[in-house]
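Asks: Handing you a structure now.
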Amino acid sequence: MSQQHTLPVTLPAALSQKLLDTVPPPVNTQQEQRKQPAPLPPPCQKVPVELPVEVLSKHEEKHMTIVKGVPEQECEQQQPQEQELQQQHWEQDKEHQKAENPEQQLKQEKVQREKQQLQGQLEEEKKLLDQQLDQELAKRDEQLGTKKEQLLEFPEQQEGQLKHLEQEEGHLELPEQQEGQLKNLEHQEKPLELPEQQEGQLKHLEQQEKPLELPEQQEGQLKHLEQQEGQSELPEQQRGQPKYLEQEEGQLKHLEEQKGQLKHLEHEEGQLELPEQVGQPKHLEQLEKQLEHPEQQEGQLKHLEEEEGQVKHLGEQEEQLKHLEQQEEQLKHLEQQEGQLEHLEQQEGQLKHLEQHEGQLELPEQQVGQSKHLEQEEKQLEHPEQQEGQLKHLGKQKAQLELTEQVGQPKHLEQQEKQLEHPQQQEEQLKPQEQQEGQLKDLEQQERQLEQPVFASAPGQVQDIQQALPPKGEVLLPVEQQQQKQEVQGQHE
């Protein structure tokens, strides 16, 4: 017996593919494989077959063959192609499911439409909100702009006043220079003394310069602002400024007149000068130049101090503006309260009118109650002996009725107020009043008949007094009023 040697045999790729194709696929994928034939796998690629893990592993071990001459890089390039094929396969499955389930497709379409509608609504709401925000911002910007303009108006007015004051100071510098020159001339020209009129004018100029100093002006402005705060009106501030400007203009005119007088005096002095004083003008010019520098420095220092005072003054004015705004808000609140008071006064007038109307309605109702009570008592007066006592009793009851009606008025008034709300009920109430007036006239006639002489009964005769019941269609008085009547009767007895 010759020994048989078994050698491992490697099958080619075509045979391994045939063996794999013989395996039946699952039930769900049979139709798809019939419609679309599976493409041939490239070399070095595992065939995707849905088989148990054990079977696949066995077949892979037996039938995996390596193709010679194919590098590994080509296999790596073939992997993305496999992914694309799988995606196409999934898309085909989805289309097939959509064709089988049209209801789900319709539901999905509805959901998408609803999402689109909601997105459109959200966008519209966002647009509206943006517009509202823009409008509110624009309004706030306008309000801030108006407030800034109002605040800026005051500094502008103050700047104008400062310029005006600077001009006045420039005009005042000339008289000061002239004073220095005059003093120098007095020292150099002892025989040429100035007349007494010039000295009086110089003193007058010094007195005028003192009230024009800025600190005193600021005090006057502060007093003026305090008066304006009491009035709390901006237009009145502007009215006070023209008066102040008129005063300044008057002072400037007066200064100009004084300048003219000084020029006239200088001209006279020039005529009185001796020929030896020809060299004096140059000396005077040098002195004037020397005097200008310290005066300029002093003017600058004063100007700086004035600016600092003005800055403080602006801060005070801003606080005043805030205070004025608060006062305006308080005024608006007071106006609202006044409107509410007027409304309350109108309501009080209406209540008074209702009370008057109720007072007019009380009389016929009292008469109705009295007439019913008198009718009951007249029916009881069947016997002549009882008439005298009952007449007295009637008088007492009338007095009691007046008291009880006053006590029961609050409840009665409330009922009347409810009745007054309906005009139809008022008309119905007026009809029985007319009937009551006729009944009262009949009662007065019956009372006159009762006042006639009464015959006394026999001594042994006994009379039975019964309480008369009200006739049909009439109602007795309330229990509370009857009790009050009995109490009043006991007090009178």
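Glycine is no exception: its Cβ is also placed from the backbone N, Cα and C atoms.
Pasting the feature list from Swiss-Prot:
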COMPBIAS  76-89  compositional bias 'Low complexity'
COMPBIAS  90-116  compositional bias 'Basic and acidic residues'
COMPBIAS  139-151  compositional bias 'Basic and acidic residues'
COMPBIAS  161-174  compositional bias 'Basic and acidic residues'
COMPBIAS  184-193  compositional bias 'Basic and acidic residues'
COMPBIAS  201-213  compositional bias 'Basic and acidic residues'
COMPBIAS  228-240  compositional bias 'Polar residues'
COMPBIAS  250-270  compositional bias 'Basic and acidic residues'
COMPBIAS  282-360  compositional bias 'Basic and acidic residues'
COMPBIAS  372-386  compositional bias 'Basic and acidic residues'
COMPBIAS  439-450  compositional bias 'Basic and acidic residues'
COMPBIAS  473-493  compositional bias 'Low complexity'
REGION    1-47  region 'Disordered'
REGION    60-123  region 'Disordered'
REGION    139-493  region 'Disordered'
Asks: Who are the chain neighbours of the compositional bias 'Basic and acidic residues' (139-151) in space, where the CB to CB distance is under 8 Å and they lie at least 6 residues beyond its ends?
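Replies: Hits for the compositional bias 'Basic and acidic residues' (139-151): 318, 321.
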Asks: Could you give the number of helix, strand and coil residues in the compositional bias 'Basic and acidic residues' (90-116) as assigned by DSSP?
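Replies: Its residues divide into 26 helix, 0 strand, 1 coil.
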Asks: Counting by DSSP, what is the helix, strand and coil composition of the compositional bias 'Basic and acidic residues' (250-270)?
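Replies: Result for the compositional bias 'Basic and acidic residues' (250-270), in helix, strand, coil order: 21 helix, 0 strand, 0 coil.
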Asks: Looking only at the compositional bias 'Basic and acidic residues' (139-151), how are its residues distributed among DSSP helix, strand and coil?
Replies: 13 helix, 0 strand, 0 coil
